[in-house]
């Protein structure tokens, strides 16, 4: 399936403030593609989410996060499952600020020149995890192409501080690709490897130029393969979105590539456009197709596959890890 609503254009020459956090149209105005909306597809009946309410832990979690000056990808990326996850007392923590150095047009995380790293963040994160008595946490980050190590050292500090205060808590990290710094980053991560190493491929290679400008499909596969070679006992994990214009066979081919690179855990979920400025949804995948992807995943040898319309990379990550034997 082609993507006719994504066309080339020259970068915007409008003045902008690189220090400000840019979202939606402001964020995407300077990438070398223009996102044009075609027909807006009606959401099918199987797309349903729960909103947080005052009777859940939703606001309690938000207050604790603000108190410790922390961000969650749940909030920054406008995850549709935020109500359910916050209500269950779980969250995916996003470290190194809330401004990403990339401008992926599917993602709702803000772009801008990042602030200096907060030296207190690792301890604040550890205190928050301890206060919430979390048994399984996911730590992710914005891309930090401005840092010589891509932020890997900060990941290590967060893991170490968390294990000091919560030694029984299992830690999954969802990392950027450490573009051009992968060997350095992997060497640094040796000091405190996580319990699960996650890096998302996001989409099929044909759509990388539109959906993941600045990223490389093979580079991402190799990052996980190299990590697995260094830490054979640590499960590796990756995730895909469907609905950007890919075909079912392209998804299956990516799954085969994942297994060929030693990736053991898989997530596949429906892409939902955060705004009209983002890449449009080209199709809503039927539950039967998700079921087919799941069945094929286990045939290929994945230890665990979380596949469904509302599945996200860190959605029920604890249950995914435990089902995979972590």
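Each Cβ is built from the backbone N, Cα and C atoms, and glycine gets one as well.
It should be emphasised that the depicted structure is a prediction, and the values quoted were computed from it without experimental measurement.
What Swiss-Prot records for this protein:
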BINDING   74, 79, 85, 314  [4Fe-4S] cluster 1 binding site
BINDING   100, 104, 107  [4Fe-4S] cluster 2 binding site
DOMAIN    85-303  domain 'Radical SAM core'
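Shown on the structure are the features that Swiss-Prot records.
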residue	record	Cβ neighbours (10 Å)
85	[4Fe-4S] cluster 1 binding site	24
100	[4Fe-4S] cluster 2 binding site	25
104	[4Fe-4S] cluster 2 binding site	23
107	[4Fe-4S] cluster 2 binding site	23
314	[4Fe-4S] cluster 1 binding site	29
Integer Å distance between the CA atoms belonging to residue 85 ([4Fe-4S] cluster 1 binding site) and residue 100 ([4Fe-4S] cluster 2 binding site): 23
Collapsed DSSP category at residue 85 ([4Fe-4S] cluster 1 binding site): helix
Residue 85 ([4Fe-4S] cluster 1 binding site) versus residue 107 ([4Fe-4S] cluster 2 binding site) - Cα distance in angstrom: 19
C-alpha spacing of residue 104 ([4Fe-4S] cluster 2 binding site) relative to residue 314 ([4Fe-4S] cluster 1 binding site), in angstrom: 19
Local backbone state of residue 100 ([4Fe-4S] cluster 2 binding site), from DSSP in three classes: strand
Confidence summary for the domain 'Radical SAM core' (85-303), mean pLDDT rounded: 92
